[in-house]
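Database features (TrEMBL):
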- A:1-22: region 'Disordered' (REGION)
- A:1-12: compositional bias 'Polar residues' (COMPBIAS)
- A:38-102: domain 'P-type ATPase N-terminal' (DOMAIN)
- A:316-339: transmembrane segment (TRANSMEM)
- A:359-383: transmembrane segment (TRANSMEM)
- A:837-1087: domain 'P-type ATPase C-terminal' (DOMAIN)
- A:868-886: transmembrane segment (TRANSMEM)
- A:906-925: transmembrane segment (TRANSMEM)
- A:946-969: transmembrane segment (TRANSMEM)
- A:984-1003: transmembrane segment (TRANSMEM)
- A:1015-1037: transmembrane segment (TRANSMEM)
- A:1049-1073: transmembrane segment (TRANSMEM)
Amino acid sequence: MVRSSSLNGDSSASHRRTPSRTVTLGHIQPQAPSCRTVYCNDRDSNMPVRFKGNSISTTKYNVFTFLPKGLFEQFRRIANIYFLGISCLSLTPISPVSPITNVAPLSMVLLVSLIKEAFEDWSQDPPVSQLLNPSMDNLVQKRFQNDMSINNSTVEILQGQQWVPIPWRKLQVGDIVKIKQDAFFPADILFLSSTNPDGICYVETANLDGETNLKIRKALERTWDYLVPEKASEFKGEIQCEQPNNSLYTFTGNLVVQKQTLPLSPDQLLLRGCSLRNTEYIVGAVVFTGHETKVMMNAMNAPSKRSTLEKKLDKLIITIFCVLLTMCLIGAIGCSIVTDREDLYLGLQKSDWEYHNRLAIGFFTFFTLITLFSSIIPISLYVSIEMIKFIQSTQFINRDLNMYHAETNTPALARTSNLNEELGQVEYIFSDKTGTLTRNLMEFFKCSIGGISYGCGVTEIERGIAQRNGLKVHEEERSTGAIREKGFNFDDPRLMRGAWRNEPDPDLCKELFRCLAICHTVLPEGDESPEKIVYQAASPDEAALVTAAKNFGFFFYRRTPTTVYVRESHVEKMGKIQDVAYEILNVLEFNSTRKRQSVVCRYPDGRLVLYCKGADNVIFERLADGMDDVRKVTREHLEHFGSSGLRTLCLAYRDLDPETYNSWNEKFIQAKSALRDREKKLDEVFACNLINNDMKQFIISSETDAIREAEERGDQVEIARVIKEEVKKELRKSLEEAQLYMHTVAGPKLALVIDGKCLMYALDPSLRVTLLSLSLNCTSVVCCRVSPLQKAQVTSLVRKGAKKITLSIGDGANDVSMIQAAHVGIGISGMEGMQAVMASDFAIAQFRFLTDLLLVHGRWSYLRICKVVMYFFYKNLTFTLTQFWFTFRTGFSGQRFYDDWFQSLYNVFFTALPVIVLGLFEKDVSASLSKRYPELYREGIRNSFFKWRVVAVWATSAVYQSLVCYLFVTTSSFGAINSSGKIFGLWDVSTLVFTCLVIAVNVRILLMSNSITRWHYITVGGSILAWLVFAFVYCGITTSRDRNENVYFVIYVLMSTFYFYFTLLLIPAVSLLGDFIYQWVERWFYPYDYQIVQEIHRHESDASKADHLEIENELTPQEARSYAISQLPRELSKHTGFAFDSPGYESFFASQLGVYAPQKAWDVARRASMRSRPKVPKK
Amino acid sequence: MPSNTASSSSAPAGSSKSKRPKYSKFTQQELPACKPILTPGWVILTFLVISVIFIPLGVVSLFASQDVVEIVDRYDNDCVPTPARANKVAYIQGGSDKSCNRTLVVPKKMKQPIYVYYQLENFYQNHRRYVKSRSDSQLRSVKDENQIDACKPEDDVNGKPIVPCGLIAWSLFNDTYALSKNNQPLTVNKRGIAWKSDREHKFGKNVFPKNFQEGNITGGGRLDANKSLSEQEDLIVWMRTAALPTFRKLYGKIESDLEKGDTIHVTLLNNYNTYSFDGKKKLVLSTTSWLGGKNDFLGIAYLTVGGICFFLALVFTIMYLVKPRRLGDPTYLSWNRVPGGGR
């Protein structure tokens, strides 16, 4: 980015940096006005500056900060703050309850939360630590231990005149270090010299950005000599550079050596987290250490999203709070009316304030009641849900064998546990096609050279079409010994094994193969033999092309910055092998705007050739005139390949004479020559889900006459206007038509196909609404050739416009924006690097695992969380309502009904565990049935289990049960309750009610469970037992402390009567009977879908179901895929299937919408920083 | 994302290690489970079982309740002489003779022991201000007699702690009943009317009343300063505060049978002031069964629930027979009900 040649003016340096859009993340670093000056190889001079050490700590807390920091985090939750307030209130005399009532559950919740935090901090593996030490591939490295082992790994530094190994943590700024091949850089290092000629080295940055291809770094020529210790010890440079910051791709500074100022660029900076490749060793000077390294300053977790359900939960909590206030208000009004100054036994004196002011009585009673009814707010709800979700994601999703991909050895990964239930409510899925659906398995499959088509493979789609037409496809016998390896699935006797020399135009073939071998950015690794070499490619198609060249006898085996070495066989005559070194003069890398890649190389004999590959339309435009027939035939071939489902790419070359080349160095010229194309196989597995047979398709494209006219006139503004009008017309027309179909019952399913260029105009604010309503009327929408930004825009259009839950799935850097824009982002942890995964909420290895993730895990999570929330709501409401009813009979004085400890332990102890078990093990139907009846998923989309109606049902149940518990006991316990005529007091009655309540509420769990494991029995039984044991102990002890021993001996008194057992049977039974009848009526007359499915399969055990399904899906993947493809509609339009997409409309949109278009969409954390930053102001 | 960061070639050590999750029934969510489905059979069976259990229990407890004979006599109004009824509060606070005679007729044979209760209504013994106004530690041991913080406003007199302190003790009920049958006095045994645990553990044997009822206003009964608190059972009973504003407290027991038609004369001293808050006072004589006193509620509740369950079982059976819904009928599935299945 910005490179400053001098850093003398400090302020100007920092000023200059601001306008450039650097990649900054997280909190903005305080930009110290000064620059950093490092004296290399001179620890004493660096001393006064006190640079930070190189030891790192990735733990969130340490021993000292844990408590304050952790508590602070906890009190950011509103429920905890609320309870803190209530606890303070309960310290005052207006409280009817002792502080313990509120303090105990609060401290319990805090304790559990803190333990969870500590546990996570201790054992979880954050992205950071992997970034720092991926060599330890232990999945769950203890964070702390990980830090320790990183800090203690050794590196060699220069001391005196020799290399001395020291641990990383002792490394200091300014040290001269030596890094050997494959080692990780211990800090950010200024690259001085390398064993490679030309002062270059290769680094792998996969841990930083996920890109697996090697990058080249180049040292300043002035420092190349400082390689051996004797020489290096003489190096006394002074580095002036920017302050530590989190921008990975910028670095500005100067190196002052012997009064000479040399500018430094990111090319000379080796970042911590990267590793050295293909270089014996390098020498460098440490610039940034420890937490000041760029990777550490980038260290942050994925930004957290909150699930929609949780937001609805907030609304529920607010409603509960309103209910609480209403209850308190009723009580306060009641109290101010009822309080009778003549109640002699209350001992009210004329001097008491209570004697005079009814308003004051009401006011204080209000707060009294708030503390009393505080149990209505489910304080442990959030922590329980968190625990449940945590276990769901770490134990269930991450460990699901159905989502483990053996080939790539990748299990599923939930990167956040916040969104589990969101997976159960997804309504719109946005999928990237390239790579995600197609899995990015690129193979060289067919080619057409000079108008002749080669390759005898039959694609899936061709087979599918043939099958549908009733033709039998003859699998051509593969010639024996046909080569098949990763990336290569080509067989044609006319080309293989040197046979191409007998083809009509062998020179053309030769050029094609050379183009394949030379025109790319692949780096070879490993042994230089055809069998063992490994190609490091930025994308799988590049690797496939080089592999193809290898198999045609043009083996690319070595690359230096200026040369490509190719071992060519069969060039002159059979069996001859010759190594050729091509000097690479220019490389024009591929980008989405140019849609092509070019290389200019010089043959050993001095011949200058330009090789070019790219999209058909781009290449065709640039072809030399003439050869129209070849051009025509080739285009036909392209269309044929395209309709067979192949991706295509065109290759071309041009011989250059030196004069032309020299002038070309200034500008880009057109190439001429024959043209060839080659194909890649498209693995079309899931496309069948997108477009069904009977769909009517709207295809909106910009190819209309009006536009062509405008284009001919060349008026840019006019073009834009015309296209916009055209798109508008088309959209309106389609919408009308679509709505027409919507009204007919059995209309065809609709699909919309729109290309990126039209989308650009359709996303215009004035057309957005139309586009949205049209899209929502369609079953599927296919957006082709769209930019990452457009992907994100479409996603957020639906997310915000339709207010539905969206999911984005993608695998590549271009999907990052889309993944982050949706409610749930899924990354495919596959071929295209880590960018998508790093930005995602869940990572799966294969697209097909989405089925399990959504239909099984998502649906269950949604169901479970809903039930847990409802149950919490119910149990707290029931409990508090009994208290509320009692208040009416105490003259609204706010007397507590239950003992302090009963009330405080009710939430955290006597009813806590069964609900967690419910949240973990609840299943309505088994996993196989979930997948067999995908329609069940609609219950989540409709939000069937978390509607206000459901809340009302639970609230009614709570009111009913609390009334039963309260009224039955108080009514029946009025007279003598045993044969010796004794009477119950207040605490006897309340303890009896409490016992009934604990039993009823716990057994309710069993009634609402669809799947009752032994853990249900254990926790439900255990909770009731825990209550009884607690009661026995608590009622049996007296303390010397001054307290009201209200419940002393109460439980024993209760248990000595028959009456106790009679009520204990009656009341829970009556309470639950109401719910039981409701459930039965609902199931019988208004059954949920899952209930019907349960009934259909009621006689099957789980295992038999799985087997059954297995048999039903007996199709092999091949067959299934063929079948699916045969279901596809016939090819209507001709397309050529260009392999790359992403036209560069970003900048256009950026300027239009004031949105910052990402230059590199893959930057993980940038989004987060953008989020926290205010929106970039419109220009 | 863990270790598949590096490409296969760059981390050969990483690829050799399998990340395949270990199988366990827990993580694969395949724990054995019972999956109850509310089929008509089960539902009807449940209802029948409940009714089969509940109806006999209801009958049993109703019988027990029917055995109990209870005489209730409200006297708060009648025991104020007619002239004084205009201002009952003045009467009850005045110094005139408070004795009053009541006559009760035994409706049925009452077997001993017959319990004598007093019943107060509209007396909020569960008022917050009232309930907390006591000191349990003071009641239990002598050395804690200064723990009177909770007892306000009846905590001390002229700086000396009141034992027992607090509003509850202060407002001790002090009407007395003397019963006689056919001019033969009936002994009312006042021992053993409190719960044993209260007597033995909550009220100390060596704690004696001190400074009791010596304040400006007398709230209620006085205590014999020579009897330890654990022997003052009236106080103990009174201090087990009632749950509701209408409550009964045990006064004593008569340890002889009463025959049907017996006339019982009660001479009571109407000392206790319930008039200032319109409280009612009743005298209750009652026998008990094994289930306690007169308590029809429990039996009726059991019978009703059992009856409802039986009725529901019947209704559902008929409904099932008349208009059956086939179990697992796919036409009930939402995507089959709506033609086209919606969008």
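One is the number of the first residue shown, and numbering goes on along the chain from there.
Every residue, even glycine, has its Cβ placed from backbone N, Cα and C.
Those TrEMBL annotations? Automatic predictions, nothing curated.
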Non-local residues, at least 6 beyond the ends, that sit with Cβ under 8 Å of the transmembrane segment (A:1049-1073): 960-961, 964-965, 968-969, 972-973, 977-978, 984, 987-988, 991-992, 995-996, 999-1000, 1003-1004, 1007, 1028, 1031-1032, 1035-1036
Intrachain residues whose Cβ lies under 8 Å of the transmembrane segment (A:1015-1037), provided they are six or more past its termini: 901, 905, 909-914, 916-918, 920-921, 991, 994-995, 998-999, 1002-1003, 1005-1006, 1009, 1047-1052
Rounded mean pLDDT for the residues that make up the domain 'P-type ATPase C-terminal' (A:837-1087): 90
Region pair the transmembrane segment (A:946-969) / the transmembrane segment (A:868-886), three or more CB pairs under 8 Å: yes
Within the domain 'P-type ATPase N-terminal' (A:38-102), residues counted as helix, strand or coil by DSSP: 31 helix, 2 strand, 32 coil
